[in-house]
Amino acid sequence: MTSRKKVLLKVIILGDSGVGKTSLMNQYVNKKFSNQYKATIGADFLTKEVMVDDRLVTMQIWDTAGQERFQSLGVAFYRGADCCVLVFDVTAPNTFKTLDSWRDEFLIQASPRDPENFPFVVLGNKIDLENRQVATKRAQAWCYSKNNIPYFETSAKEAINVEQAFQTIARNALKQETEVELYNEFPEPIKLDKNERAKASAESCSC
């Protein structure tokens, strides 16, 4: 029995500054939460080995800065991504309104082979806070309009739905990685013109 090659899944977390991208990543990978806010400069990543449908994979989770001046760093970080996580703060409506621009930014920078079906997952974070301003139905409706993106409501602080969300992220990322592998193994056939087909037919006929 041949051993399967190790799979590395690249996951990008995007969203406005302060929505909890770093906290979600730290809660998932390290089971830790800090109340001290420190803006991410540029980008940072953590790795975690997980089982996805009986397959061991390594998730490389990239946490990119939410400040506009760092969005130009995108190409290097986004290329080769297997899944993109869009995060907003349920207590800050403006962070929800910018999901469209973050999604568009990713598709432009990453240039996935099949943008229509590229896997996104949306997280509505900070549900532990009382002053909620973005309704669940509103977020679900947006996700549905974007090819039915999976949606989770999370709390990095209380570890609510973080594990479940990243299980879906890992599964969707693995599916994307597998499809890319299949595409690379079976590229489009080379089309011969009429003269080349006739020549090939004559050469193969040894009556």
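Glycine residues also receive a Cβ, built from the backbone N, Cα and C atoms like all the rest.
Comparing Ser72, Ser145 with the features listed in Swiss-Prot, the residue bearing the annotation phosphoserine is Ser72.
Looking at 28-41, 42-55, 98-111, 154-167, the range annotated in Swiss-Prot as motif 'Switch 1' turns out to be 28-41. Per Swiss-Prot, the stretch carrying the note motif 'Switch 2' among 67-82, 115-130 is 67-82.
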